[in-house]
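Lifted from Swiss-Prot, the feature list:
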SITE      R13  site 'Transition state stabilizer'
SITE      K20  site 'Transition state stabilizer'
SITE      R151  site 'Positions MEP for the nucleophilic attack'
SITE      K205  site 'Positions MEP for the nucleophilic attack'
Amino acid sequence: MIALVPAAGSGSRFGAPSPKQYLQLNGKPLMWHTLATVAAVPDVDEVAVVISPQDEWFDDFAWDLPKLSVHRVGGASRAQSVASGLAALACADDDWVLVHDAARCCLSVAAVERLIAALSGHAVGGLLALPVPDTVKRADIDGHVAATVPRNGLWLAQTPQMFRAGLLARALSSAAAEDITDEASAVERLGVKPLLVEGDAQNFKITYPRDLALARAILAARDEY
């Protein structure tokens, strides 16, 4: 099984001088924590990180992680980076691929193992996700409440998202002209249904500077590394 971590983004919303995956978090680059967790999963044979060909930061750090391979084939979008990473890896169609956000650095090994166990023998694949816990409002153009959306059946998608390499490559190719934000969206467009596997609230994506304090606290409380 291959874990693919797209990390070619610039992190423009973060407003930092370097992409957020390289910001220091408890003494190491943020992405180090992500890669270390995925590498610690026994079923994962390779951790392939996809970075931009113009990346100026990756080589500044000593990653010192097992199973790690680096591919400078990242594209302008997440979907392009994942598709290019798959092509660079030359996976067999039946190989399972776990795609995980570089910025979800508080992922646990247990959550990945839960996903793998749930998808053993599954025809399509699936993803970690959380049921929506709060009341959901739809806003109008002026920021007023237009409607309250029933939350029954609504889930918040997380990563990893796990699919067979052949299916994922076809899905990404088919959706190349679309603005998709995760692999499951591309797979759904083929008319198949990924499985939702309950994730973990700690597996959030670092998006804004305020997220770093929570990530520091979570990682400091762990003895994994």
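Any Cβ shown, glycine's included, is placed from N, Cα and C.
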C-beta crowding around K20 (site 'Transition state stabilizer'), within 10 angstroms: 28
Mapped DSSP class for K205 (site 'Positions MEP for the nucleophilic attack'), helix or strand or coil: coil
